[in-house]
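Peer 1: For 6-185, the entry in TrEMBL reads domain 'Ketoreductase'. Here TrEMBL flags Asn89, Tyr154, Ala155, Ala156, Thr157, Lys158, Ile187 as NADP(+) binding site. The active site, proton acceptor annotation in TrEMBL covers Tyr154.
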Amino acid sequence: MRLKDKVAVVTGSTSGIGKASIIKFAEEGAKVVVWGRTNEEVEAVVNELKDAGKEVLGVTADVSVAEEVNSAMDKIKDHFGAIDILVNNAGITADAQLMKMTEEQFDKVIAVNLKGVYNCGQGAAKVMAEQKSGVIINVSSVVGIYGNFGQTNYAATKFGVIGMTKTWAKELGRKGVRVNAVAPGFIVTEMTAKMPEKILDAMKAKSPLGILGEPADIANAFVYLASDEAKFVTGTVLSVDGGVVL
Ligand code: NAP
């Protein structure tokens, strides 16, 4: 077990990559925190993990609202006494080409994907700096490296996440905190299920491997970065994308 007794928080762990990751972290021995926006969704994953005999806490908070994030961090600290790993995974899309994108579409993606990462990163960093140890993993995207047609808002946030990652790595290294980003390629989840079949086929065709990724591929990368195997790794962006853009 690579994460025995570590307290691991994954935002947006009620579905997709986040859910696969929180399950993987628990299998690796971590005490885990399931985080989502609705009690029902959170409780469903909490119960699944409890039934499997795992140590788990559920929190319901919108990552874009600082007060809710701060209360969630307090609840985690009170319950487990520490925060060892934070994965800033919660994210949304609201796609439109530049000339058709509305202010509302732009603002809501910025609020969740960029301000949400800042809110949670700040809250966890305060706890980790006090502990003098911790790992933060920010979820960017292949779109945060190369851009993508129809995703002005999303691309801006995913490039921004890489900027925050490198900045935090510089600020927090001496406090014993490592900070890295993971840039997934196209992974089969509810988010990509909304995309037209022809785009998914085009993505498959672009990858030298000829396949799309699975949530477990990303969860495995998180476990590596969260574990002591990566103790000399900070400020990096790990692409897990099947070589989709080479
Ligand atoms: P998903 O299946 O749609 O899951 C998103 C998760 O985020 C859900 O658990 C959702 O929970 C939560 N969430 C959304 N808004 C939230 C908010 N304001 N506060 C708290 N939680 C919120 O997405 P996914 O495909 O697994 O993506 C996960 C991350 O990977 C995202 O950051 C995404 O940008 C990134 N990514 C995905 C792909 C891909 O191909 N799937 C590729 C590159 C990067 P509730 O709805 O229950 O609140």
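Glycine residues also receive a Cβ, built from the backbone N, Cα and C atoms like all the rest.
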Peer 1: Please check each of the binding-site residues Asn89, Tyr154, Ala155, Ala156, Lys158, Ile187 and report the ones with a CB atom less than 6 Å from an atom of ligand 1, ordered along the sequence.
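Peer 2: Only Asn89, Ile187 qualify.
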Peer 1: So what sits near Ile187 (NADP(+) binding site) in its own chain, CB-to-CB under 8 Å and at least six residues off in sequence?
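Peer 2: Residues satisfying the criterion: Gly16, Ile17, Leu212, Gly213, Glu214, Pro215, Asp217, Ile218.
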Peer 1: Per residue, counting other C-beta atoms within 10 angstroms of the C-beta, which of the binding-site residues Asn89, Thr157 reaches the highest number?
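Peer 2: Top count of Cβ atoms within 10 Å goes to Asn89.
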Peer 1: Identify, in sequence order, the residues in the chain of Ala156 (NADP(+) binding site) that are 6 or more apart from it along the sequence and have a CB within less than 8 Å of its CB; answer 'none' if there are none.
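Peer 2: Spatial neighbours, sequence-distant, of Ala156 (NADP(+) binding site): Ile110, Leu114.
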Peer 1: Could you tell me the maximum Cα-Cα distance in Å between the residues recorded as binding NADP(+), namely Asn89, Tyr154, Ala155, Ala156, Thr157, Lys158, Ile187, rounded to a whole number?
Peer 2: 20
Peer 1: Would you mind listing, in sequence order, the residues at least six apart from Lys158 (NADP(+) binding site) in the same chain with a Cβ closer than 8 Å to its Cβ?
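Peer 2: Lys158 (NADP(+) binding site) has long-range Cβ partners Asn113, Ser140, Ser141, Val143, Gly144, Ala183.
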Peer 1: A 10 Å Cβ contact count, applied to the binding-site residues Tyr154, Ala155: which residue has the minimum?
Peer 2: Ala155
